[in-house]
Amino acid sequence: MGWFPVGLEEDENKWKFDIIPLLAVIGSSAIQKHMQAITASPFAIFPRLMPAPESLLDTERPTRPPSVKDVKIVGVKSGIELDELNFFANLIHNVNDMEEYEFRVYRISYATRDSEEGQNSKISSKVEESYRRVNRHRIPIKLKTFCWLNFVTLVSILITVGLYIWAGCIHDGTALIGLATMSLSTSVASLSARWYPRLSGRSSQAEVPSGDVIIRTRAGAFILVYGDDDVIRELYEGMEDCEYMFKGNTHHRLLGTSTLLLMASIILLSNCGSEMQIAIGVAYIILNALYWLLALLVEPRDLWDMSRYKIEFVECRPSTPDSSYTETLWAVINMTGSVDWVTNGEFTPQTPAWDQWLQEAKEHIGKDWDPVRRKDELMNPRLAYRNGRWFD
């Protein structure tokens, strides 16, 4: 007997492929990053092969897109306070990549008048009354038509079609049925998890204060966002929800159907011919590599279409080795023309020295002032500052 198998024929020294179907359920980590984008894609319901389709078979679906914790959001004039940044807002800012004590300024508005009106158009008094009662509406934020996720999905569809054709050419009926059940399992599972983003909107047309907000990260970076209340409510203040196409018993029936199809496909693919098992194994290796590259190189902000909003990057003060929290805080105060939001958000310690510093900062808005030096003087009243040095 040689060191390696030498053929595919029925003998003792041959290659065996009974383990090939296990490749179909490997690779869940590669698709977890973009799982919600996959199930939101309009191409998700197309029958196709996909790595780890069992990852879609989850009875506990997320109720909202993943938000960013460890941030503080306060309204400059509205007084709102929040402890997390919504998913779609973070697609704009990507706060996790901000450096310590960095300061950015954005201006966000609706790109078109139709976007501003959204689905709150006064079609009839009955529709408007229903909207006011629910105070929730579906926002037309969807995946980009031309994005890498849809490209990978298209490739998987083409690979599946190619495998069908090859199985038919070599008259492997078991492979044909196995591919059909596996593809349908993915399609049904994706359909059971199909969802649309749903954001909060204003039900009242009354005049409200400016919706400008301040975002502070755990690292002391700040973001100032200028925008009217409608935009701020959608992106920052309101709750994002996942509106699923199928709920309750229908969802569970789809999950059960997908599970049965998946188990049947594994049995069938284990009994198809050696040539088809090789082809299917190669197909899953290629698909796993594509989804792995997708998770590694593509970020969620590259997939979602945010053209509903006009996003202007007004200013950025990058972090430097000499940057400090006090200096950055003063820059934000000077830009907003107010210190009330600092108090509301508790961005400074509640001490007499800091209260005095805030009062003086308010008086020096728009003027030349050294916030760091004044803070040090208030924190160390026994020290004197002369010629760039502190003395007793």
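Glycine is treated like the rest: Cβ placed from N, Cα and C.
Owing to the predicted nature of the structure, the values given are computational and were not obtained by experimental measurement.
For the ranges 68-88, 89-109, 173-193, the feature annotated in TrEMBL as transmembrane segment maps to 173-193. With a cut-off of 8 Å between Cβ atoms, the residues of this chain six or more beyond the transmembrane segment (173-193) that come close are 24, 38-39, 44-50, 53, 56-58, 61, 160, 163-164, 167, 244-246, 251, 254-255, 257-259, 261-262, 264-265, 267-269, 271-273, 276, 280. With a cut-off of 8 Å between Cβ atoms, the residues of this chain six or more beyond the transmembrane segment (254-270) that come close are 18, 20-21, 24-25, 53-54, 56-57, 59, 174-175, 177-179, 181-182, 184-186, 188-189, 191-192, 246, 277, 280.
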